[in-house]
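As recorded in TrEMBL:
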- 12-55: repeat 'WD' (REPEAT)
- 56-102: repeat 'WD' (REPEAT)
- 103-146: repeat 'WD' (REPEAT)
- 182-208: repeat 'WD' (REPEAT)
- 209-257: repeat 'WD' (REPEAT)
- 258-309: repeat 'WD' (REPEAT)
Amino acid sequence: MFRSYSKLLKTFIGHTDRVRSVDYVTFDGGQFICSGSDDKTVRLWDVENNKQIQLFKGHPGYVYCVKFSLYHYHNRHRNVISSSGDKTIRFWDIKDNAQLQMFNGGASEFCGIEFSSFNGGRYLCSGTYDNTIHLWDVETSNLLHIFNGHEGIVWCVDFSPSQSNNNHNENKSNNIGVIGGNGYTICSGAGDKTIRTWDIETTKQLTVFTGHRDFMRSVKYGSNELRNTGGANTILSGSQDRSVRLWDIRSGQQIQAFSGHRDWIYAVEYSPFVIKNSEFGDSSNVVCSGSQDNTIRFWDVRSNKEELHVIKGDEKNDGILCLKSMVLKTKEKNSKNTKNSTYDLNLCYGSRNGPICIWG
C-alpha cells in the first residue's frame, strides 16, 4: 500500500528559511495549513488552491511552533493562529490579519506549545528556554502555573488526550486543582534527555522517562483510538540521538525503540494507518518520524525491525523539521455533488530550506 500510493501531492513556496512547525484545520468549507519559520513569519495557506493567503509579521525572532486555536473558533467565532517564538506567544486573527493577543515570557524564549484536549482548548502549555513549562488560560490571558523539574530547554510539550467518559463533566465548571483538569496530564521533552509527565490537578511531577542519549525534539501522547499501541497510555518520542521510542506511561518503561535515521529526529507522529502484521497475527498501528536526514520513516509499533517505508524529501529542501497527519477532502473534477467527495490520508511536512510539502 505504501509503495503503490505514496507520492508528493502539493508544495507550498514562500518561507525563506527553515519551517519549524505546521498545523492543519478545516473551517468555513475550506482546508488550511499554518506554518512558522526562522524567517520570523507565520503564514496561512489555502490547501485546495495551493496558495498563501495570509502573512503575519511581528515576532522579532524565530517562530518555533504554530497551532490553530479551536477555543477561539468555537467560543468567539474567530479563526486564530497561535505562535511561539522569541519571548512571546502571539495570537493572530485570520480575518482581520492582525495580532489579537500576546503572552509575554519575560526573560525566557518559548519553544513548543499545545492547547488542552479538555474545556474546548481553553488552556495552553508552553515549553521554555529556562527549563520550565508554563500553563496559560487563553480566556483570561493569565499565567496559571509554572512546572519546574527539567534541567534543560523544554523543546516540546503535549496534553494527554480527551477522556471520552468525562465529556459530560468537562462542560461543568469546577475548582479541582489549577484548572479543573482532573485526570489530565502534560508531557514534556527537554535538553536534559528526559521526558516527564505532570499532573495538572495537583501540579506535581509524575514520571521521568530516561533512555534517550541526546536532546528531546518531539513528544506525543497516543490517542484513545490506538488500542493496539496502548492508546492514551503511551508516549512517542523523537530525539537528536537519531532514535524513535515508544513508552508505557503505566509502567514508566520503554516499549520499543526504532533506529534507522542518520541524523537528528525533529518530529514524530502516530499515523492513521493500521496494518496486518503476519509476525504477530493481528492488526498493528504505525508511527512515523521526520529527520534532518531528509526522510520520513514509517514504523510498525509491534516490531523493532527495519522501517516499513521511507519517503525521501526533495534534495533541495535539506531536511524535514516538522510533521502533521491530515485527512484531505478532495472533490471529483467537474462535479458539484458533494457525495462524490473522497478522503485521503496525507502527511504535511516543513523543510529546512523553506518549502512545505504534502505527501499522499
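Please read every residue number as a count from 1 along the shown chain.
Glycine is treated like the rest: Cβ placed from N, Cα and C.
Across the repeat 'WD' (12-55), DSSP helix (H, G, I), strand (E, B) and coil residues number 0 helix, 29 strand, 15 coil. Residues 61-68, 70, 73, 79, 81, 83-85, 90, 92, 94, 97, 319, 321-324, 326, 328-329, 348-358 of the same chain lie 6 or more positions beyond the ends of the repeat 'WD' (12-55) yet place their CB under 8 Å from a CB of it.
Here the repeat 'WD' (103-146) returns a mean pLDDT of 94 for the predicted model.
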